[in-house]
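Report on the following structure.
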Amino acid sequence: MPTSTLLWSVGSLALSSMVLPAAASSYELVETWKGEDFLTAFDFYTGADPTNGFVTYANQSYAESTGLVKVNSNGTFYMGVDHTTKLSTNGPGRESVRIGSNKYYDEGLFIIDLQHMPGSVCGTWPAFWSTGKNWPTDGEIDIIEGVNKNEANEIVLHTSGTCQVSSQKMSGTLTSTECGEDAGTTGCVVEGTQGSSGTPFNENGGGVYAMQWTDEFLKFWFFPRGSIPSSITKGDPDVAAFGTPMAHMEGSCSIAEHFKAQQFIFDTTFCGDWAGGVYSTSGCPVSDSSSSFKSCVAYVAENPTAFAESYWEINYIKIYQTGVAASASASASHVESAASVAETISAVREGTNSVVATTTAATIAVTSTADAETATTMAGATTVAASTETSAADENGSSASTSTHYVTMTTTICPIAESSSAAAALAGGSSEATEASNSEGSPAAATPSSVTGASAEANESESTSAAVTTPSTSTGASAEANGSESSSASEAGSVAGATPSSVSTTGASGEADSSEGASAAATPSNVSSTGASAEANGSEDSSASSEAKTVAPSIPSSVTGASAEANGNDSASSNAATASNVSGASAQAGDNESTPASAGANAGSSAAPSSVSGASAEANGSEGSSSHSSGSQAGAHSYGSVPSSAAAYGRPAPSSSSHAFATAPSSTGSSRVPTSAAAANNAAAATQGSSASGSNSGSSGHGSSSATTPSTPVFTGGANKLTLGASSVLSVLAFALLA
């Protein structure tokens, strides 16, 4: 290679390493909610109020029919309370609405444009806040909150243990520095500026709140209607131009450790632990000098018209995260000399929601870690120095199985990790579960109870099928179809849930030789794939697609180490689609022509029984063969297809919930420490739906606890960096010299 060409290649490589970080760190819009979106992207909570409020939360159909919620003619979303009915102080509380997003979101930039929020009215306690699945461990962020006649917003953080923040440059006033529960339930508090909430906010035409969440800090800005930055109105927010935040939460506390993926919640309650507790000292009418709470309830019950202004009117909410689109785009345009992309999806023991994309100038390695709880994570990219040797471990140092493959870089990288508590996790990172199809014979896919060590072989065969049926628990099941034409070996997942009760087969095997179109099928009940990868090397017009190279956002359950390989193929395609629960599944199709190889299933029902370990299938040296690792999957390729399963969105221990859109109930709750009376309310409502409990008390804090929420997506973003390692440069130099 001429010296000039070599220097050009090295120079381009070095330049790309400097350009990529800037491109990758920009915020990309990942979610917009406005108008009708609040009726589909949020669930209506109908349980007892865990803060002991004098309130009755309406379900969606009732709320829509009575006008408690509606989409206005100008496209804004209205969410109000009953302001016409006089009530008995001994009866049910005033009707209101509480909604929570059916997805969870990690770090990013969150912008809400409000036309109106509940006014400064005695007895009210409105809030826009978020909570993690496990309160207080995963944290709570109170973005907008106030009680009674408050006119200045309170921004509060809650989490577990100890979590200190210190005084930073901000326009608000830091009044409490300890966010952790060890010091009580007050949380760390910033008192906002006058007019940042309530009646003055509405009189000024509303405004915009922005929250920036990173590993190191949480910042909050409030912009009155006439002072909204142009970058926000243009849809390209520039936090560097936002100015001094109203609240800046940063200190010795590790934000990354104490605040995990959050669900966003709107509600308006009445009285309750905070508003009722301070009612008599808030300048509100007192009817019972012996009880602030009773005075609050009496006022709320007897003065419905006072609450005509107690409504939310939302223009939009936009969520931005870093790196996903920008990283892939920059990689394609600036790293022209990069010949491959390494995609590594690792199955990690439960305990992490994070997804990290590891990028180098010559090789892009995407490492995704899958939470054993139910969550789908869309990653931003946090990148480090190059290495094709990858491994993952959870916070406790638990090791994770890792599968690294290389594919030609022809696609956008959008890593997703997901897991499901509804389905048993699979072990065996080296095991393979695949289907090699294009057969003339049809594979049988019945699904009995448990099969151990089942195998099926179809060698040098024509039109013969051998089937091994394995739903509930299938260990070491394998299927091989070698040297055959149009051979098929498959591991299907949860085929419409046909699972007889207890049929146990150990060491069953079937062989069919000298047949064409041979098939061997092993069908586990509920297959969940985490970490699917695909390879297509040395091929013409080859592609590794969808959930392997661009992992589809709304894969229900968990993907662990599944891989598909298509080597030396013409027009080879490899597809890793992921369904319910498969660990270490792999498929190989070598030296084939027109060979699709895929891991994953795009349709089926998520029936969720057991687990599959070490199932494998191989189809080698065949023409027109395909290999698949199929599992059970509902609603693939759509973020919103996974039903929301957060039954109670924060403010602990609701006893029941009713989801208009969720078919699978769950238990997520949050609270400000319910009293024994609240516990009684919760018990009384226990027959209405799923429940969860938590505790929290004091002037602020909602909290969430006992969250098992199956199949609830989690979207994560992160900072994007790229370091050009010396080894990468040397590798390129060596390659160039050899060439």
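Every residue gets a Cβ built from N, Cα and C, even glycine.
If you look up Swiss-Prot, you'll see 31-283 marked as domain 'GH16', on the strength of sequence analysis.
The N-linked glycosylation site annotation in Swiss-Prot covers Asn59 (among others), and the record cites sequence analysis as its basis. Cβ neighbour count for Asn59 (N-linked glycosylation site) (all protein chains, 10 Å cutoff from its Cβ): 17.
Annotated N-linked glycosylation site per Swiss-Prot: Asn74 (among others), in sequence order. According to its DSSP assignment, Asn74 (N-linked glycosylation site) is coil.
Feature annotation from Swiss-Prot assigns active site, nucleophile to Glu140; the stated evidence is similarity to another entry.
Residues annotated as active site, proton donor in Swiss-Prot: Glu145. Secondary structure from DSSP puts Glu145 (active site, proton donor) in a beta strand.
The feature N-linked glycosylation site is assigned by Swiss-Prot to Asn396 (among others), with sequence analysis given as support.
Per Swiss-Prot, the feature compositional bias 'Low complexity' maps to 431-442 (among others).
Annotation comment: Swiss-Prot describes 452-499 (among others) as compositional bias 'Low complexity'.
Taken from Swiss-Prot, the feature N-linked glycosylation site applies to Asn459 (among others), supported by sequence analysis.
Feature annotation from Swiss-Prot assigns N-linked glycosylation site to Asn482 (among others); the stated evidence is sequence analysis.
Annotation comment: Swiss-Prot describes 507-522 (among others) as compositional bias 'Low complexity'.
The feature compositional bias 'Polar residues' is assigned by Swiss-Prot to 523-532 (among others).
Annotation comment: Swiss-Prot describes Asn526 (among others) as N-linked glycosylation site.
Annotation source Swiss-Prot lists N-linked glycosylation site at Asn537 (among others).
What Swiss-Prot records for 539-548 (among others) is compositional bias 'Polar residues'.
Under the heading compositional bias 'Low complexity', Swiss-Prot lists 561-587 (among others).
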